[in-house]
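What TrEMBL records for this protein:
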DOMAIN    B:45-146  domain 'Nucleoside transporter/FeoB GTPase Gate'
TRANSMEM  B:6-25  transmembrane segment
TRANSMEM  B:45-62  transmembrane segment
TRANSMEM  B:68-86  transmembrane segment
TRANSMEM  B:122-143  transmembrane segment
TRANSMEM  B:155-175  transmembrane segment
Amino acid sequence: MIHWIWGGMIIASTLYAAFTGQLEALNEAIFEGARQGVQVTMMLLAFIVFWLGILKVAEEAGLLQALAWMLRPLIRFLFPDIPRGHPAEGYILSNMSANFFGLGNAATPMGIKAMQALKTLSTRPERASRSMITLLAINTASITIVPSTVIAYRMAKNSANPAEIVVPALLASSVGTVAAILIDKFYQKRYGP
Amino acid sequence: MNVLFYLSNAILPFLMALIISVALVRKVHVYDAFISGAKEGFDTVLSILPHLIGMLVAVQMFTKSGLLSWLIAQCAPFFTAIGVPVEVVPLALLRPVSGAASSAVMLSIFDAYGPDSFLGRLASIMQGSTDTTLYVLTVYFGAVGIRHYRYALKVGLLADLAGLVAAIVMTYLFFG
């Protein structure tokens, strides 16, 4: 599916730009995209190296295991395929906590670490497992108490009350997360393990 | 307001200090642990790079060719028919594809109507309550070399739709 989406975007954009005389803009867009890829990767490099270091300290201190122990019922409900006590539990919960508390740049490294742990449980290395898709669904819905980027933009544009959107946004992202989990469970039934 | 900002600034350093304190009490060699964890980061990032470049080139072509705006214009009547203000339609459609592009739409709405207008609040809540599905998919699956996404994209996009509908409903409830 991703092949058709990726290929489709490139082919359709080229044809559309040729028809509307936008080929110059399209040329720029190609290298702009590649440059953005490098920029985002550099930003990720800083966050990932830093947070994976901190995560390792937390793990050796037994904190991830404590987190997994406290929230085990949640993990068992969302990720029934993970064996009890597997390190993936702690990584997934640290990813969810980081999202929730608005530590956006910590959520990605922890989510990747969780994906790596889930991969060790999978027998088919190039195929997304059920747990991987559940983790992805929870992350795209991104439940958070403080959408800090949006608040910063509102402040920059002189909002009288930049944080007034916090409660409705939290409610909306909660509804989105519950929906994501239900949609995921629905497809799990249709596709099987 | 100030309390919120104090808390959001406090959370990171305090979390670090807490983790390191517990680790020291448990006799962990904290600096060695940090370095050994951090080392893994480099390879991970390198494996994401090709995925990000590939995806962002396609997204840039899609937006800069004008095709995306054309598609948005085609969809607009449908969205206005179900009560979505026409100004936020581009934001809703861009949100899952490109976080930077949907931020730009939000900022232009702030400039045109003000962040405290109904549209400004709606745009803020839509932007703040979902994440860029395509980016999350690219980075997370790219990092572990997943090729078969199976139903992941469907779940992600439907979840975005649910989140955006919830954002519209909440804005009407709180500020309507």
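Backbone N, Cα and C define each Cβ position, glycine as well.
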Find the member of B:6-25, B:45-62, B:68-86, B:155-175 that has more C-beta pairs under 8 Å to the transmembrane segment (B:122-143) than any other listed stretch. B:155-175
Go ahead and report the DSSP secondary structure tallies for the domain 'Nucleoside transporter/FeoB GTPase Gate' (B:45-146): helix first, then strand, then coil. 82 helix, 0 strand, 20 coil
Can you check how the pLDDT averages out over the domain 'Nucleoside transporter/FeoB GTPase Gate' (B:45-146)? 90
